Amino acid sequence: MLEKFCNSTFWNSSFLDTPEVDLPLCFEQTVLVWIPLGFLWLLAPWQLLHVYRSKIKRSSLTRLYLAKQVLVGVLLILAAIELVLVLTEDSGQGTVPAIRYTNPSLYLGTWLLVLLLQHSRRWCVQKDSWFLSLFWILSVLCGVFQFQTLIRMLLNGNNSNLAYSCLFFIGYVLHVLILILSAFSEKDDSSNNPSLTASFLSSITFSWYDSTVLKGYKQPLTLEDVCDIDEEIKTKTLVSKFEKHMSEELQKARKAVQRRQRARAQGNTGDRLPGLNKNQSQSQDILVLEEVKKKEKKSGTTKNYPKSWLIKTLFKTFYIIFFKAFLLKLVHDLFMFLNPQLLKLLISFANNRDSYVWTGYLYAVLFFVVALIQSLCLQNYFQLCFILGINVRSTIMASVYKKALTLSNQSRKEYTIGETVNLMSVDAQKLMDVTSFIHLLWSNVLQITLSIYFLWAELGPSVLAGVGVMVLLIPTNGILAAKSRAVQVKNMKNKDKRLKNMNEILSGIKILKYFAWEPSFKKQVHELRKKELKNLLTLGQMQSIMMFLLYLTPVLVSVITFSVYTLVNSNNVLDAEKAFTSITLFNILRFPLGMLPMVITSMLQASVSTERLEKYLGGDDLDTSAIRRDYNFDKAVQFSEASFTWDRELEPTIRDVNLDIMPGQLVAVVGTVGSGKSSLMSAMLGEMENVHGHITIKGTIAYVPQQSWIQNGTIKDNIIFGSQLDEKRYQQVLEACALLPDLKVLPGGDLVEIGEKGINLSGGQKQRISLARAIYQNSDIYVLDDPLSAVDAHVGKHIFNKILGPNGLLKDKTRLLITHSIHFLPQVDEIVVLGNGTVLEKGSYSTLLANRGVFAKILKTFTKQMGPEGEATVNEDSEEDDDCGLMPSVEEIPEQVAALTLTRENSLHRTLSRSSRSSSRHRKSLKNSLKTRDVNTLEEELVKGQKLIKKESIQTGKVKLAIYLKYLQAMGWCLVFFNISAYVTNSVAYIGSNLWLSAWTNDSKTYNGTNYPASQRDLRLGVYGALGIVQGVSVLLANLCSTYASTRASNILHRQLLNNILQAPMRFFDTTPTGRIVNRFAGDISTVDDTLPVSLRSWMLCFLGIISTLVMICTATPIFVIVIIPLGIIYTSVQMFYVATSRQLKRLDSVTRSPIYSHFSETVSGLSIIRAFEHQQRFLKHNEEGIDTNQKCVYSWITSNRWLAIRLELVGNLVVFFASLMIVIYRATLSGDTVGFVLSNALNITQTLNWLVRMTSEIETNIVAVERINEYIKVENEAPWVTDKRPPPGWPSKGEIQFNNYEVRYRPELDLILKGITCDIRGMEKIGVVGRTGAGKSSLTNGLFRILEAAGGQIIIDGVDIASIGLHDLREKLTIIPQDPILFSGSLRMNLDPFNNYSDEEIWMALELAHLKSFVAGLELGLSHQVTEAGDNLSIGQRQLLCLARALLRKSKILIMDEATAAVDIETDHLIQMTIQKEFSHCTTITIAHRLHTIMDSDRIMVLDDGKIVEFGTPDELLQNCGPFYLMAKEAGIENLNSTSF
């Protein structure tokens, strides 16, 4: 049929049986022309339909588009010319074959279709369609055959078809040109994402990424340089898709839970009794443990939550990308098995001298093509897997964030902030990791099956021996993996403990310095670290054994298989084809067998994460149904029979409250500590669980919590809080909140950056900013939870008059004010007295006084204690501040401003557990660090000291050699040397065993199967086996050695880091966020522990592996050296480009990731405020932007890996191609065994090359950890703890203190705070220090303790200049009762006496004097009672008393009180005053006063102003002087000494 069609032979196999091979012309003109055309016509309709559906606005004409259209137009003309030629030639006798008509006609139609298709692509973002590119590739490939046939015909002088041939040649050149043009991408200015507009060829080879890599090589990349991500994978799009499926799946899962509960309920009725006995048999110690683990509430363990819906939801959301990856992986796996078959063919080609040379060339080309397709499939498969991974991660992170905004308190209580941040970071990451493994589940099975099938074909049943060994090794590896997993889990616990300790040490660093307790805490951390390192060693040893087995496997397997094969039957002789094909197959098999256990553990880890996420995301939402909003209601707020609780299992906190509040009223809520005042407010905001009744609210709410919540940002951002800026109102608010004077003092005014949790503001400033935020929002109802507690009297008065009072800013609004300040009560409209969660009385001030009820009683006791004028405070506690708006540290902020005695209330107010700090780095630092270019211009404009937090340095460029040397030195040079020599031995043995195998297979030519001597066979087997064992043992030794070395390095680096950080001066901690320091101890140390050693090991193995492979290829075909040089140059240049880019992207990734977590922990701690102001959407949006920015960096980094891998695999494929080419060219001098030996190694090189660059960049990335640790090892230290000059024993005996012209400043670049203080304090004298905010009161104490070193002058105590002795000698002899009571987690005893210096009797004595004896004796564990983080399970009053007990224990001659009674209720304050008067009568006491009445009985009073002493004398003298002190006293209502009598 086709013979007639073209009038010549269609197919004849004799065409192939010659050295000069060719295909018949008819075959070339029919089949090879129709394949590409058929492909095009089949797919074109789909393409056009797709364009029609997804069209966007038409893009403008480009040169590239015009060039393509013109070239296709020329092809159209050529087809027409050809048709005309044929028609003129044909005179009607039918001499011209039909093919000459059909082909040009087909082409005419085709080119018209191509013109249409190219035109239609102008409506698409991607101008180049993948299937047109494939069509051009196919046409060029299929045309090659006809091209060379026509050339041969012309050379042989056959030019009958000259015109046709010329037309074909021109057409073929045009094809090639169009193919080249379609490789270029058309730029699109509208988007910053080149991957969208990339052409097909550009996107499968990732060439569109070249520009980024080039940019990254020239200069460090910044965020602006990183290309944007596609709209489709932006967080918002992903989450909306995910939520759609999630709601369906969750509903199903919830129904399933209900079914399970019903079934259980029916089942449970029968077996109640046996359950009891089980409980009784619980041993005593378990019960004790139960007590300690109060947090794991019953609800957490028994509660059913919807299960197994998350994976289904994710699958439904991302199934398309999943299936694409599946197809690519399948193609890759199948192609993988062509390599051993081709190898076999090439070996037989080399052994058979009669075969035609062209078959060799064909095999070489096939080798290259197969490898190329494999590379493209594999890399694009990886790209899809990783994109799926980052999409899953973003979806989970955004969903967890969204859930956190709506989670009910009951569910929220089960998670600390640290745990929720973990869900976002760790668990989302685990799911991301597993997505890249997920396809390996089926792929591994497929690879194993195919390998065994092909091996069976080579070696028959003896394969089973080798496979058996592999299978046996899997469980051994599995057991080791499980064991090491257990050790890892144990180690994680140790690490958590160590980090918790570090967190506390850093949070309480000031206390440690005051009390000279650093050594004790250092010892604790070192103990934990010792355990950690011991586990690390064990882990390293196990991993070494696993590596040893992994390495031994292929050697053992080949030895055993070959032995069995040759021993089973004396006719079986190992020849090159069998040996090397089998080795290649065994190498393929090694990967899936090694990966399978890894995939399974990764799956298990992910399943744990999935469960945790399901529990969190499936948790109950906040039920606000009891809060009704009614804008037409006549009352502002109405409580109707309202009962609310924090925990369903406890009593209601708010009981049956009936309360009406009228619009515009100012209502004060008063009551003793723990009477439920804050809970009443929380109930109104919908934060509590409703028991019965409801609350009706009219209008919007603004809320000022008791503990101010400040975001990291500027003061202005905090006040405006996402609203429009109205300058006039803003200024009014600032003035009303008394913030103007503060802003004058703060560098940069309202643009000063506030550190995390408001670290550089005093408590009062934070409280006032929190208040300003609420007022600026202009809501209808204001809920104010004791906003006056943290401010001093005159500021309190100012705020009350300007804001809350009858003439204040809010005079027309409804105001609910919780307060302890009784002297404001006469001015309020109504007072509500709470007790035990119910309303005891309500009415106006006069009514309640007349009633003589509870309120009158409270008032009476209060006035008795306080003297006539209520709460006389001079200068409140934490308003004390220096000129730079930078208080000395975190500690001066009252953590909780009111004493909450009730643990349940505490558990809510615990808000920011300090753990969250560890994850938070500065969001600001992101923008700063990335816009490195514009920073310089900005920096100059910054006011001195405005930036509190120093920007975290992102190192750029290469890591210095010194850092590598530092690490190697920490490892120990001997170990390093021994390590390297072991690895070299391994490589030598590897080369040896390969050469030996090659010689062994050569035997098959010398001997035939029949006369193969047994001795020769045993020798071959023995040596081969021995060389294999040498390889294994050397790897084992090298690994063990490297384990010891890296553990040693970890130990040394951590020790140096910890010792140095604890000796850093206080100013270092002020300017460095805790999170940043903890990061060094967490992230960086863990990199040095876990990742760095592994990367170094892998790098050594890869490096030596590649060297040995190249050495082997060169010994066989020395000419190969010529190929190595250009390939080496390409390789190193690609690597250089890549490493620079990848390193910077990795840095950008970590810098953009931390703001997500810190924003998250900030959100969780300020949830009640965000909900009250109804700003959830704004925070969600901010979070989405953060995730997208990070996603952009991760996406870019992943692409850079693919970019690299494709290029390196090309180098590897070229190595294989040239090696096989050399073999074909030099086949006369080579035998089959050499061929097998060279190629089986060359096939391995591709992966190893890829891995080497990956490891190089991994090491570069990880060594940064050492660089960062080193940066903190070099931080300057404070003065030595102990010097040669020790103070005399018993010093100070009198307690005399002299200040001689003493000056001090906070940081070298700031102004003086104390300006020449000179005074003498006699022994046993009681001194009071007063002064307005920022007068330098606290700096005085800091100077005494040398927290701040003198800038001039000196302080002399009992004749010793304190600057001349060691810090610990000084600090151990002074005692301070600090402003904030800071406790550490551990036992009560440890908190009082960390060094165990005192007996139990002494401690009980101190507790008795501190009025805590009855409390501690009442605890189950007494002194061993565990204090939680930051002392959260004690009320503030109790914490303050414990600090008093600390001071009583030390019995030193000098006591300093940074008096912190503002946070304490009146009774506690009274107790503290009495004890101090009695117990410290023989000491010199210096009291920094905030309430004047506490210092009126001092011997002398020092008044500071602007760092100078303005008055110093007895209270009587000062009151008669009419100076500054007199004015303060007058303000506080103290006229003479008598009015302060207790």
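Placement of Cβ uses the backbone N, Cα and C atoms for every residue, glycine included.
These features come from TrEMBL:
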TRANSMEM  31-52  transmembrane segment
TRANSMEM  64-86  transmembrane segment
TRANSMEM  129-150  transmembrane segment
REGION    260-281  region 'Disordered'
TRANSMEM  317-338  transmembrane segment
DOMAIN    325-605  domain 'ABC transmembrane type-1'
TRANSMEM  462-482  transmembrane segment
TRANSMEM  548-568  transmembrane segment
TRANSMEM  588-608  transmembrane segment
DOMAIN    637-861  domain 'ABC transporter'
REGION    906-930  region 'Disordered'
COMPBIAS  909-918  compositional bias 'Low complexity'
TRANSMEM  970-991  transmembrane segment
DOMAIN    980-1261  domain 'ABC transmembrane type-1'
TRANSMEM  1021-1045  transmembrane segment
TRANSMEM  1094-1113  transmembrane segment
TRANSMEM  1119-1140  transmembrane segment
TRANSMEM  1210-1228  transmembrane segment
DOMAIN    1297-1531  domain 'ABC transporter'
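Between the transmembrane segment (970-991) and the stretches 64-86, 317-338, 1094-1113, the greatest number of Cβ pairs separated by less than 8 Å involves 1094-1113.
Here the transmembrane segment (1021-1045) touches the transmembrane segment (548-568). Their Cβ atoms form 3 or more pairs under 8 Å, with each pair 6 or more residues apart. Segment contact holds for the transmembrane segment (588-608) and the transmembrane segment (462-482), given three or more CB pairs below 8 angstroms at sequence separation of 6 or more. Take the transmembrane segment (548-568) and the stretches 317-338, 462-482, 1094-1113, 1119-1140: counting Cβ pairs under 8 Å, 462-482 has the most. The stretch from 31-52, 64-86, 317-338, 1119-1140 with the most CB pairs below 8 A to the transmembrane segment (129-150) is 31-52.
Taking Cβ pairs closer than 8 Å, the transmembrane segment (64-86) reaches residues 96, 100-101, 103-105, 107-108, 111-112, 114-115, 118-119, 122, 127, 163-164, 167, 170-171, 174-175, 177-178, 181-182, 184, 186 in its own chain, all 6 or more past its ends. If you look at the transmembrane segment (462-482), the same-chain residues 6 or more away from its ends with a CB under 8 A from one of its CBs are 452, 455-456, 542, 545-546, 549-550, 553, 556-558, 560-561, 564-565, 568, 586, 589, 593, 596-597, 601.
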